[in-house]
Each structure stands twice: as C-alpha cells, then as structure tokens.
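Below is one structure, written out as structure tokens; the observations come after it.
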C-alpha cells in the first residue's frame, strides 16, 4: 500500500488531514504560484494543486501525494492575503453584504502508477452587513493578515457570516476531505479501513 504525502506546510491542512486518523507525512512543494495571464480562478487552483502534488514525485516515488490550493474571489477578482491591517479592513468592507467564493483545487497523484485525480470544490461565504466598528474589532482580535479574504472561519470569523454554502465545510479551511476520501478509495486506500 503506498504511503500518503501531504504536499503542504500549512498547519490548517495538516490538522484537517489528521481528522482522518491515517498516517501521512508533510513535505513542502516547490511550485511557482504566479497566475498565468488570463487564467481563471478554477484553472489556477487546479493547475497549482496538480503541480504541488507532482512536484514531489521524484522524492516520493511510491506514494499517494495530495496537492491542494485555494483562492478567494470577490466580484470576479482574486482576493489574496491582506498582509496589513489596513488591507484586511478594506477586504472585509468590500465583502460586507456580499458573497465571497472560495475555490479549492485538489489533486491526488499516485507517483508509482502516474495516475492523477483532480477536482475543484467551490464554497460560498455569505457575509452579513458589517459596521466599520465590527470590522476594526475583528481585525484587532483575530489579526487575519495571512488569510485569504481576511478572515478565519475556524475562529471568530464565523461571526462575520450570514450563511455558508458548500458540499464540505473543510473546503473553506483548505482541504476538501469528502472529495479526498473519494479519491483515496479509487486508489484502493479506504480511510475507514486503515
């Protein structure tokens, strides 16, 4: 049975995969994440998830390698990590009363057989109308400077929302576990029987 590799150093993705109680290792992929000119959000996350998984194939030649990438889209534009408090406040003000869509690309690459499975999972976050004071308080308390969209749904960010829509709530944090379990089963690796 091939061993499992998570092509990520994200503590959030690691924590999500740990929910499945299956043994795995993490390794940092070496991938240029720059979008290509005219690349649509779905294409971008799919390409990057695949590239992350396949970038580790030489190091891990008999493994199942999981790659994942996520972007946040508001009004048709990719919204990145804010990096500053001012930018975080601007992003949250723009999201207020609107729908933010997260696209998470998932790839499972069998480095022994060369078999690749991919999927893109969308997840919609409906923001409630936020006051300037609420935005300021949230940014001060949660400090979401390294989170796409300027919020952490697994923390206080849940108080910003009116509704969440998607097949798998884990998708919003960065790793669609329902889709991953389906892919693993197609490779003969059932998380319930490990």
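Note that Cβ sites are derived from N, Cα and C of the backbone, with glycine treated the same way.
Because the structure is a prediction, the values reported are computed rather than measured.
Take the CB of residue 69 (active site, proton acceptor) and look out to 10 A: across all protein chains shown you find 25 other CB atoms. Annotation comment: Swiss-Prot describes 69 as active site, proton acceptor, evidence class sequence analysis.
DSSP classifies residue 12 (site 'Important for substrate specificity') as helix under the three-state reduction. Per Swiss-Prot, the feature site 'Important for substrate specificity' maps to 12 (among others).
According to Swiss-Prot, the site 'Important for substrate specificity' annotation covers 70 (among others). Just so you know, the Cβ of residue 70 (site 'Important for substrate specificity') picks up 25 other Cβ atoms within 10 Å once every protein chain is counted. According to DSSP, residue 70 (site 'Important for substrate specificity') sits within a strand segment.
All protein chains shown were included, and the count of other CB atoms within 10 Å of the CB of residue 154 (site 'Important for substrate specificity') stands at 16. DSSP classifies residue 154 (site 'Important for substrate specificity') as coil under the three-state reduction. Residues or ranges marked as site 'Important for substrate specificity' in Swiss-Prot (evidence: sequence analysis): 154 (among others).
Sequence-distant neighbours of residue 12 (site 'Important for substrate specificity') (same chain, six or more apart, CB under 8 Å from its CB) are 154, 173, 174, 175, listed in sequence order.
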